[in-house]
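Pulled from TrEMBL, these are the features on record:
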- 1-287: domain 'Deacetylase sirtuin-type' (DOMAIN)
- His121: active site, proton acceptor (ACT_SITE)
- Cys129, Cys134, Cys176, Cys179: Zn(2+) binding site (BINDING)
Amino acid sequence: MDKLESFRNYLKNCKSIISLCGAGLSASSGLPTFRGSGGLWKNYSSIDLATPDAFHTDAGLVWQFYTFRRHAALKAKPNNGHKALSKLSYLENINYLTLTQNVDNASRIAKHNPKKLLELHGNLFTLSCTNFMCTFKEEQNYNHPLTPALADCEDEFSEGSFQPVKEIPESELPHCPRCNTGLLRPGVVWFGEPLPLKVIDKVDEFLVKNDPINLILVIGTSQSVWPAAAYIDRVKQQGGKVAVFNTEIPDMETVENKNAKGEYQGWAFKGDAAITLPLALEALIGKI
Ligand code: BV8
């Protein structure tokens, strides 16, 4: 039995499925990934740009980085990989949950069932106030640019990786409309920050309530960021199988290890997730 047939046969009997998505899912929508060629972090390490210290040290640099990404995400269209997960999220006969590490909003634009989508690392279009006493938080703020000083920075980065264009004083950065004093920050989880407790609780609740999870779809992620990557082993510990959708699969054999009868114990589909994922899920969701 070939790999795709074996996966589709297993898929048809799954009661509980979870997905862990990464930047590779949005690559076909023109959004650069973080690592690998053309990656966002190519010219800067993530530590320079996606940490509270970086923001404290040079908020102007960090806001240019996030303005570049907001602008790119606003232009991006969801691809068939996003649409496949969106269709999967409305199936009534399956307990399903998408965990996305992506902050690009593409799954929401693809009309993913909001009850079955958890953004582990937040969202580029959420803004929150950094003033300790202020609780201002705004979701789905698509304004661009957020201030005049941030207006011209996106044109410089069309080649897909980030370069700052200028020094921007804090006074010209986005400020809180409620307390007027606090600097606004992007509503994403930076390195060194905990994932939102309510999100972690919802994942745990799903994993416990639907134990055993039959399958985790690991889509377009280098599995290098924690604790998100830990959910893969969590599902394996609960007896679930793993299907990887990635353009690079260094340990294909490990993922696909076969039992004595030569049956697949996992699957690795090498290629663009925008193509491989809809194809693999066709048995459940039909054609995209
Ligand atoms: C925390 C938001 C603690 C910002 C991001 C062990 C346990 C816990 C923590 C750690 C740990 N070890 C280390 C840590 C610290 C750290 C961490 O994981 N560091 C890494 C670098 C080692 N983790 C943290 O800091 C986390 N917080 O642990 O807090 C704590 C607890 C209590 C109190 C205080 C503190 C927070 C991590 C969240 C960081 N924020 N994003 C932003 O986006 O600007 S992470 C960032 O990386 C994005 O979210 C991104 O999605 C994510 C993961 O990367 P990938 O999505 O996988 O992207 P990547 O480019 O790496 O890979 C793309 C893949 O796609 C590749 O495999 C490629 O081959 C493939 N691909 C490319 N094209 C395609 C494709 N596949 C298919 N089709 C294609 N077309």
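Cβ atoms are placed via backbone N, Cα and C, with glycine included.
Known features from TrEMBL, placed on the structure.
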residue : record                       : DSSP (3 states)
His121  : active site, proton acceptor : coil
Cys129  : Zn(2+) binding site          : strand
Cys134  : Zn(2+) binding site          : coil
Cys176  : Zn(2+) binding site          : coil
Of His121, Cys129, Cys134, Cys176, Cys179, listed as recorded positions, which ones have a Cβ less than 6 Å away from ligand 1?
His121
Rounded to the nearest Å - Cα separation of Cys134 (Zn(2+) binding site) and His121 (active site, proton acceptor):
22
Give the distance between the Cα atoms of Cys179 (Zn(2+) binding site) and the residue listed as 'active site, proton acceptor', rounded to the nearest whole Å.
26
Using a 10 Å radius around each Cβ and counting other Cβ atoms from all shown chains, which of the binding-site residues Cys129, Cys134, Cys176, Cys179 yields the largest count?
Cys129
Cβ-Cβ under 8 Å from His121 (active site, proton acceptor), same chain, 6 or more residues apart: which ones?
Gln101, Asn102, Val103, Val188, Val189, Leu195, Ala228
Quick check: with Cys129, Cys134, Cys176, Cys179 left out, which same-chain residues have Cβ atoms within 8 Å of the centroid of the Zn(2+) site Cβ atoms?
Thr130, Asn131, Met133, Thr135, Phe136, His175, Arg178, Asn180, Thr181, Gly182, Leu184
